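First comes the structure, then the notes that go with it.
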């Protein structure tokens, strides 16, 4: 009897050891958890690349739809609120001793329960990450097209569809880099580029000087038009502050011990990133609007037509930056797809699986981008719908659920203010965005 029990114990322990070994093997293979030796400055430039999107170029246009007062207020409020919610995410990454929440949905599951946490976080996170990848396919294609037109005046015009394909071809190669640390070089280049093209955008505006007969009033003729444009601009601002969807995944790459938790270096990186974000966003938004008033385009580089060489350079910088951003946002999606296939469907963690999964994803985002390239409206629509929750108020809801601060204390008020502001953004901006899409889609021909 005793030996039988001992044998059962042994086999049980063996089973556990085997399961642990398999889980470790899978974790060492998955893109988020495979490499944990990042430095604090990795987190700085990953965050800059994730945060400063091509959205910065549409900020003067958003300002024109918001007007001076509301525009400045919303830009600053968004900067403060998203920095606060980002701090919350960094703090919550290791709030359970001995455990790390390496992915956004793991934190959601801890706060709301295994099932509900998945249902709340994963759809929103996927909409954001896949949405960004699609929008960046279009942005990359458009910037390449613009570059081609500027450099070669009398060349035959090439369809946007082909430029999106050219842009996607880079990702069919880069997507096979295994994890976050392996794309840090791409990410650093992207972060430098974002600062460069933002600087070109505002300095070229200053060089042009204030436009003659500049107008700062609302452009729309009707009240309804003004209101819808206002809502749409809210979405564009929400889209500009959207790095939270990958912040836990970035923090997962930083080493951590009980004496030196990862939140120290991560927060250092976030602060540096946010200073860079302010240097990119505020000058572009305010100077762009000040110089061109309400005649500014939804991409300020289009308003600045000359000097051609400078604007061509800025467009190439945008392309390089968007390449990095695409990779940062695609990595958590690769992680989800590979986790599902390896842990739930019991595929072997092999390179061939990775090869097919990642190529399929790049091809899918390329195809959708080629089919629906109306850029601004899509931004506002997705911006409100999914960016506002994951960036502005989901961290606050999780914080309230876990830490349960005292009613009417400072923390309680701060979180509820963010939640109310975020919910307003979520409800209002898709309305404006949908209207923009409908207006633009009227004259649209597929694959033109």
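Placement of Cβ uses the backbone N, Cα and C atoms for every residue, glycine included.
Just so you know, TrEMBL annotations never went through curation; they're auto-generated.
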* Structure fact -> Here TrEMBL annotates transmembrane segment, and of 20-39, 40-59 the range meant is 40-59
* To do: Choose the correct range: of 228-252, 378-402, which one does TrEMBL annotate as transmembrane segment? Give that range.
  => 378-402
* Structure fact -> Residues outside the transmembrane segment (308-330) whose C-beta sits under 8 Å from one of its C-beta atoms, at least 6 past its ends, are 46, 49-50, 52-54, 57, 128-129, 132-133, 136-137, 139-140, 143-144, 146-147, 150-151, 167, 170-171, 174-175, 177, 180, 183, 186-187, 189-191, 193-194, 196-197, 200-201, 204, 245-246, 301, 358, 361-362
* Mark yes when the transmembrane segment (351-372) and the transmembrane segment (66-87) have three or more Cβ pairs under 8 Å (sequence separation 6 or more) and no when they do not. => no
